[in-house]
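Peer 1: Sharing a structure here in structure tokens format.
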Amino acid sequence: MEGSKTSSSTMQVSFVCQRCSQPLKLDTSFKILDRVTIQELTAPLLATAQVKPGETQEEEANPGEEPFIETRQDGVSRRFIPPARMMSTESANSFTLIGEASDGGTMENLSRRLKVTGDLFDIMSGQTDVDHPLCEECTDTLLDQLDTQLNVTENECQNYKRCLEILEQMHEDDSEQLRMELRELALEEERLIQELEEVEKNRKIVAENLEKVQAEAERLDQEEAQYQREYSEFKRQQLELDDELKSVENQMRYAQMQLDKLKKTNVFNATFHIWHSGQFGTINNFRLGRLPSVPVEWNEINAAWGQTVLLLHALANKMGLKFQRYRLVPYGNHSYLESLTDKSKELPLYCSGGLRFFWDNKFDHAMVAFLDCVQQFKEEVEKGETRFCLPYRMDVEKGKIEDTGGSGGSYSIKTQFNSEEQWTKALKFMLTNLKWGLAWVSSQFYNK
């Protein structure tokens with residue numbers, strides 16, 4: 001409900017429909033309410049069913065007890081609660097009417113009237129399931145609904161009456177037959193109850209089995225997931241191992257190719273490359289000798305002598321040859337020969353040049369001793385291969401090499417009292433003899 005004040009002397013009060021919330025204009029009859037009208041509006045609904053005289057006395061004797069009816073067939077107890085009755089006209093729902101107020105009490109009279117009207121609607125709402133007030137349209141709708149419910153109730157009442165008439169018209173035989181059918185139905189009910197109990201037991205057993213099966217299925221799912229993870233891990237390891245295997249196979253093929261290539265490669269020829277560069281004999285691109293027009297550095301000459309000593313030392317070891325009188329000591333560009341008769345005597349196969357070079361004859365003695373070792377190598381080869389012959393004959397006592405296939409001249413391997421041209425040519429012939437010895441050893445010991 002809502003109210004609004006339009007002036008200081010008048011008040012327009014409007015009520016709202018409790019369904020559609022539309023403002024209402026009350027009928028003028030609400031302004032004049034006597035005691036009888038209020039009692040009719042606020043009186044509760046009374047039971048319309050007539051009560052037998054005997055029952056009336058019983059109810060009057062026990063007004064505080066509630067009627068109790070028990071049906072014999074279904075054993076269901078039903079209780080009827082009558083509606084509340086108006087015990088006195090001076091109950092809590094009564095109103096005290098106020099007479100007409102004077103003009104000075106208009107506002108007070110209007111407030112009281114408003115309170116009475118509001119209380120009246122509250123009482124009406126409490127007596128029924130419908131909230132009041134209602135507008136005309138909502139009232140018509142409510143009446144239509146009540147008419148529908150009334151029709152349904154009347155139809156049900158007619159059906160009950162027909163059933164009651166049929167029951168009253170039934171004979172005793174029909175009743176006995178019905179009782180027999182009832183007993184049969186009761187037996188059938190007991191049988192069905194037993195079957196239901198059996199089914200319930202089976203259901204419990206099946207439920208327990210289902211729970212066990214579900215637990216087993218869950219365990220199997222977990223095992224399957226674990227096996228799947230392990231399978232994935234093994235698959236990953238397999239792929240990695242396959243990659244490693246392919247890599248190793250590729251390495252093996254490459255290593256086999258290199259091995260085949262190395263088997264076909266002569267180690268001595270690959271390690272010691274003897275050739276010539278103009279008038280110089282070279283070993284591994286180091287020139288051995290020097291000319292006035294081409295003053296080769298002594299470091300290069302010493303390195304060439306170191307490679308030459310290493311070559312002869314390797315050939316001797318391959319053949320198992322032990323040199324007499326001297327022992328070769330490969331030591332890079334400071335290689336030397338060690339005298340077997342005098343351990344303290346070392347013959348250096350390197351030189352630094354200068355004035356000392358012309359007066360120091362150890363370098364010459366070392367070259368002659370090396371030529372002696374080459375001669376011993378030649379003699380050792382000739383023991384097993386009589387047809388073996390070096391292109392240049394060597395005279396160890398004189399320290400010379402003869403050009404037997406050419407001019408027939410002899411060239412000293414010493415530097416003292418010798419020209420650089422002849423010394424360089426003698427060294428070139430010596431390298432040529434070593435190349436022939438290298439070729440023979442390679443042919444004899446290639447597969448050994």
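Glycine residues also receive a Cβ, built from the backbone N, Cα and C atoms like all the rest.
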Peer 1: Look up region 'Interaction with BCL2 and BCL2L1' in Swiss-Prot and report which of 14-61, 110-157 it refers to.
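Peer 2: Range annotated as region 'Interaction with BCL2 and BCL2L1' by Swiss-Prot: 110-157.
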Peer 1: According to DSSP, which of helix, strand or coil covers Lys435 (ubiquitin cross-link)?
Peer 2: helix
Peer 1: Would you count the other CB atoms within 10 A of the CB of Thr117 (phosphothreonine), including those on all shown protein chains?
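Peer 2: That number is 18.
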Peer 1: With helix taken as DSSP H, G or I, strand as E or B and everything else coil, how many residues of the motif 'BH3' (106-125) land in each class?
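Peer 2: Residue counts in helix, strand and coil order: 20 helix, 0 strand, 0 coil.
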Peer 1: So, in DSSP terms, is Ser29 (phosphoserine) helix, strand, or coil?
Peer 2: helix
Peer 1: Measuring Cα to Cα, tell me the gap between Ser29 (phosphoserine) and Thr117 (phosphothreonine) in whole angstrom.
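Peer 2: One finds 11 Å between the Cα atoms of these residues.
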Peer 1: How big is the gap, in Å, between the Cα of Lys435 (ubiquitin cross-link) and that of Lys400 (ubiquitin cross-link), rounded to a whole number?
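Peer 2: So the Cα of Lys400 (ubiquitin cross-link) lies 18 Å away from that of Lys435 (ubiquitin cross-link).
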Peer 1: Do you know the mean pLDDT across the region 'Evolutionary conserved domain (ECD)' (243-448)?
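Peer 2: Reported value for the region 'Evolutionary conserved domain (ECD)' (243-448) is a mean pLDDT of 86.
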